[in-house]
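Pulled from Swiss-Prot:
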- R190, G191, G192, R193, T309, N333, S521, R582: CoA binding site (BINDING)
- G385, E386, P387, D409, T410, W411, W412, Q413, T414, D498, R513, R524: ATP binding site (BINDING)
- V535, H537, V540: Mg(2+) binding site (BINDING)
- K607: N6-acetyllysine (MOD_RES)
Amino acid sequence: MSDKTYPVSAYWNERAYINAAKYKDMYKRSIEEPDLFWGEEGKRIDWIKPYTKVKNTSFDPANVDIRWFEDGITNVAYNCIDRHLATRGDQTAILFEGDDPADSRAITYKELHDSVCRLANVLKAHGVGKGDTVSLYLPMIPEAAFAMLACARIGAIHSVIFGGFSPDSLAGRIEGCRSKVLITADEGLRGGRKVPLKANADLAIAKTGDIVQTMIVVTRTGGAVDWVEGRDVRYEEAIAAASPECPLTEVEAEHPLFILYTSGSTGAPKGVVHCTGGYLVYASMTHQYVFDYHDGDVYWCTADVGWVTGHSYIVYGPLANGATTLMFEGVPNYPSVSRFWEVIDKHKVTIFYTAPTAIRALMGSGEAPVKKTSRASLRLLGSVGEPINPEAWEWYHRVVGEERCPIVDTWWQTETGGILITPLPGATPEKPGSATLPFFGVKPQVVDATGAVLEGVCEGNLVIADSWPGQMRTIFGDHDRFVQSYFSTYPGKYFTGDGCRRDADGYYWITGRVDDVINVSGHRLGTAEVESSLVAHELVSEAAVVGYPHDIKGQGIYAYVTLMNGIEPSDRLRTELVTWVRKDIGPIATPDVVHFATGLPKTRSGKIMRRILRKIAEKEFSALGDVSTLADPTIVDDLIRNRLG
């Protein structure tokens with residue numbers, strides 16, 4: 001845990017929407033008078049029929065029921081496009097940066113309206129209406145946003161499936177939400193390689209019987225694909241023939257907007273359901289206040305729309321606010337490790353939101369690839385996806401932001417719809433590695449294993465004591481699982497599944513998933529804490545820590561470590577790292593195994609697959625599960641071959 005604090009600068013105190021005094025006042029009102037507070041904030045979106053009811057929620061396990069603005073009627077596409085046309089129709093809505101640096105284009109709000117209306121009409125022509133589900137299996141191209149908004153325009157429910165998922169994973173998700181239409185592309189592009197999306201989709205549909213009636217195929221590469229007459233539709237031909245005007249479908253605030261599948265600790269993936277009104281209010285509000293978005297900013301979130309971060313902070317939040325949002329098809333290290341910073345200079349990006357895993361990977365290449373670029377346009381940095389260790393935070397702040405850009409280290413989940421714990425750049429002194437303080441309306445508590453609420457400085461499990469508008473409403477088709485997963489462990493509270501520490505200033509430090517806790521000789525250790533210690537060593541680029549069976553301790557600590565470029569593994573360095581962690585955290589945290597690795601198994605979105613690392617450490621090589629979603633599946637073979645202990 002870092003003891004450094006970075007105060008809010010005078011510039012940010014004066015310029016930001018929210019300063020410290022305003023945060024304190026607004027937060028107090030949001031907790032004490034939620035109906036009044038959210039009744040006002042709900043007006044940030046336009047309503048066809050205004051709401052009269054604001055909050056109607058229950059966390060009682062016998063009756064979990066979450067409703068916000070429930071008697072209001074609106075439309076998400078109207079709020080993200082139509083209402084901006086009169087004042088910013090010619091403003092860029094989406095900046096697209098392709099995998100190839102020569103491939104970029106700007107799409108105005110008028111052009112976005114045209115494309116979305118045409119695709120909405122195509123969907124209607126193929127029998128899609130209000131309440132029907134449409135699955136999207138697309139690369140990071142503007143057509144992904146068009147498809148999401150086209151569904152929203154006609155009241156259809158979209159289910160975006162990450163383009164890195166295997167045919168089996170795709171099939172399971174199509175079956176789960178019974179999509180009659182699938183929108184995909186011939187191929188995707190990622191790091192100079194082609195991804196066979198249409199071929200994968202064909203294999204998936206073959207496994208799902210007659211659920212999918214229509215497959216709409218976007219031409220991305222022009223590569224040869226198999227074609228099923230009567231089922232497959234060429235996107236370009238269909239939209240060219242469609243009308244550029246499509247009337248809005250009025251939907252209730254609680255009408256589902258999308259289903260997004262996320263992994264559960266047990267069983268099949270969970271179809272997280274987010275609804276229209278509360279979700280959009282929360283996505284818009286968090287985007288504006290957390291990133292301090294002002295007209296003229298160029299905002300870039302590096303996530304994929306296949307994940308919730310892409311939904312909330314590439315598409316819905318920014319577009320609801322009339323922003324210019326950048327969509328990036330590529331990867332941080334193609335064609336060079338300067339790519340992120342070159343894109344920032346090319347498009348004059350002012351707000352940059354990325355994942356700690358990307359920052360740590362780029363740290364391994366040193367400062368030179370960053371410093372060869374200007375980055376003068378940047379004014380705010382963000383972090384999302386997992387806790388950022390203090391060393392990566394400091395590097396991000398010093399090297400990328402040149403010590404002038406605050407970092408909003410945001411904590412939230414697929415289930416929360418938007419950011420729950422975060423600094424606000426004009427209000428919150430920052431501590432490297434801490435998500436700091438709750439956003440408006442968010443009531444975090446730290447509880448022990450029995451559910452007793454802990455006060456003051458403490459460590460335990462993180463729960464949220466009351467609802468917020470962006471919260472998921474249910475698991476698609478399985479409300480009992482929703483209640484069991486989130487409200488039964490600590491009845492009356494939403495259980496996040498994360499561990500947490502609270503310091504003397506009331507700041508929250510996320511310590512990692514509770515299922516990423518190692519129990520060493522009866523002592524609980526968060527893996528994030530050990531990983532952070534290892535990465536603090538100057539020769540370490542990345543680290544991932546898991547538990548494995550130990551005859552004496554119950555669980556031992558198995559550390560996978562990748563080194564900085566040019567550093568060779570050695571027994572001496574292994575001993576040095578073990579001593580380093582002992583000194584940093586204490587003898588209880590001593591790694592039993594330090595496994596030097598050439599790389600870690602990551603999904604194409606950059607998430608480290610700790611499940612696979614756990615199985616390798618446990619020698620359960622036959623139980624690795626699906627590795628097809630990994631950016632480089634060959635890393636797994638190398639890790640198995642070199643397993644230690």
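Each residue, glycine too, has its Cβ placed from N, Cα and C.
Small disclaimer: the values here were computed from a predicted structure and weren't measured.
Close to the recorded Mg(2+) site, the chain also has E391, S533, L534, A536, E538, L539, S541, A543, V561, L577, W580: residues not among V535, H537, V540 whose Cβ is within 8 Å of the site's Cβ mean position.
Comparing CA positions across the binding-site residues G385, P387, T410, the one lying closest to R190 (CoA binding site) turns out to be G385.
Among the binding-site residues G191, R193, T414, H537, V540, no residue is found with its Cα located within 10 Å of the Cα of the residue listed as 'N6-acetyllysine'. In three-state terms derived from DSSP, V535 (Mg(2+) binding site) belongs to a helical segment. Across the structure, R582 (CoA binding site) and V540 (Mg(2+) binding site) place their CA atoms 16 angstrom apart. Taking CA atoms as the reference points, H537 (Mg(2+) binding site) and G191 (CoA binding site) are 29 Å apart.
Sequence-distant neighbours of P387 (ATP binding site) (same chain, 6+ apart, CB under 8 A from its CB) are P356, D409, W411, G433, A435, W509, I510, T511, G512, A528, S532.
With respect to their backbone Cα atoms, W412 (ATP binding site) and V540 (Mg(2+) binding site) stand 27 Å from each other. According to its DSSP assignment, T414 (ATP binding site) is helical.
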